[in-house]
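S.K.: The annotation Zn(2+) binding site is assigned in Swiss-Prot to Cys27, Cys211, His236, Glu240. Marked as motif ''HIGH' region' by Swiss-Prot: 29-39. Residues or ranges marked as motif ''KMSKS' region' in Swiss-Prot: 269-273. The annotation ATP binding site is assigned in Swiss-Prot to Lys272 on the grounds of sequence analysis.
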Amino acid sequence: MIIYNTLTGIKEPFIPLNVDNIKVYVCGPTVYNFVHIGNARSIVIYDVLFRLLKLLYPSVTYVRNITDIDDKIINVAQSNGQNICEVTSVYIKAFHEDMKMLNCLEPTYEPKATDNINVMINLIQKLIDHGHAYVDNATVFFNVESYPSYGQLSKRNIKELIYGSRVDIELGKKHPGDFVLWKPATEVDNKLMSCWPSPWGLGRPGWHIECSAMSYCYLSENFDIHGGGADLQFPHHENEIAQSCCAFPGSYYAKYWIHNGFLTVNGEKMSKSLGNVLTVRQLLESGVKGELIRYVLLNTHYRKPLDWFNMTLVSAQESLNRMYTALSSVNVDLSLDDDVELSSDVVDCLKDDINTPKAISVLHEMVTEINKTSDVMKKTSLAKTLIKTANFLGILQHSWQDWFRVNENDQEIDKLIDERRIARANNDFKKADDIRQLLLSKGIVLSDNKDGTTHWYKK
């Protein structure tokens, strides 16, 4: 297997620390809201990596944490008049439900930050004892100047972190790049039960120390792969390396670093101010199948930016329809026997830096072969291989009958679209526009194509 290692900046062969047990850590969600599709992209990509590693090696320990203590969580709890557990329990449950709908496997371990506070405190004390952290007014800071290799992941020079004389250094810091390991409790923390006793007083951990502590707790000082979104590369992952390597001299923390690219919506970064934050829950509740969302997320290479726009779903729907249509043409039982093998071409694509779009293109080549051949045995064999291989990628999870089952609402929508088409043909543009507006009021958006056909999707 070959993967692109952010740490070295090149694709390199994957050489495990121990071939009998591959160790992987991935940064999971911060549970203050429903997970958005950018978060979901990361979860789905590393789900495929997990599946691949399980295929290639006898044992894989996959740890994906949950950040359940954070400023954003505290803000939501305060606004809602709840404690942090009341907030996080709702969104942890929702996260699990949403990821199940995207056909994601459960990780081996899914630790919560609040269950590992003592591990964090012990790690912080180690850093203080080794001269890599200092206490100022009940706040513990990491001293970036104590770690000469700081910046190795993000390729930043520590001097770049000096912002200039016009920007004040945060109170208590010795260097602008120093970051918080432990912060003292506020009145709000006490009220919301978001603080714990420590040698430095009542308080709560900084974000970065959480992942260092949980990865150490479940994977030890060194492990094979650390994954996450490109937005976490700096400062989060850079700080993780610094903390962990300083707490355990001689360690290197993670051997391979994998980062998935950014996801935008209609060419723009998702943000509350733009009102374009798109959650998995919104898509599912609007009628978009989880398998369709997963297909879109896998159809762009994980390191490339992915722009989510309305026609993306239309195109993905057509692609999956093509696959299910091919399966519907095979008039035999397609239940899988144990001897049905995965497509080696697809596995090879995944072994080449998790190339999921190329793997999907191989699936479509198989569909073409199914459609071309009239040999029943060959068609059946190809169909079974297609199902087995697609299932490995987490798609084609339905029977073709279930996939194409149309509900009454869909039939009504298609009927209105047909009426609109006739109205346009008769130059009755007012009626056509009235139908468009009626559908829009029901959350149905129409997209007219150059060939005269019309696609629709739920916004």
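Including glycine, each Cβ sits where the backbone N, Cα and C put it.
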S.K.: Whose Cβ, among the binding-site residues Cys27, Cys211, has more other Cβ atoms within 10 Å than any of the rest?
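M.R.: That would be Cys211, with the highest Cβ count within 10 Å.
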S.K.: Any idea what the Cα distance is from Cys211 (Zn(2+) binding site) over to the residue listed as 'ATP binding site', rounded to a whole Å?
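M.R.: Between the Cα atoms of Cys211 (Zn(2+) binding site) and the residue listed as 'ATP binding site', the distance comes to 26 Å.
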S.K.: Between the residue listed as 'ATP binding site' and Cys27 (Zn(2+) binding site), how many Å separate their Cα atoms?
M.R.: 22
S.K.: If you draw a 10 Å sphere on the Cβ of His236 (Zn(2+) binding site), how many other Cβ atoms land inside?
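M.R.: A 10 Å sphere around the Cβ of His236 (Zn(2+) binding site) contains 17 other Cβ atoms.
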S.K.: Is it possible to get the count of other C-beta atoms within 10 angstroms of the C-beta of the residue listed as 'ATP binding site'?
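M.R.: Taking all protein chains shown, the residue listed as 'ATP binding site' has 8 Cβ neighbours within 10 Å.
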S.K.: Provide the three-state secondary structure of His236 (Zn(2+) binding site) computed with DSSP.
M.R.: helix
S.K.: So if I draw a 10 Å sphere around the Cβ of Glu240 (Zn(2+) binding site), how many other Cβ atoms end up inside it?
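M.R.: Around Glu240 (Zn(2+) binding site), other Cβ atoms within 10 Å: 27.
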S.K.: Reduced to three states, what secondary structure does DSSP give Lys272 (ATP binding site)?
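M.R.: Looking at the DSSP assignment, Lys272 (ATP binding site) belongs to neither helix nor strand, so coil.
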S.K.: Going by DSSP, give the three-state secondary structure for Cys211 (Zn(2+) binding site).
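M.R.: For Cys211 (Zn(2+) binding site) - judged by DSSP and reduced to three states - the answer is helix.
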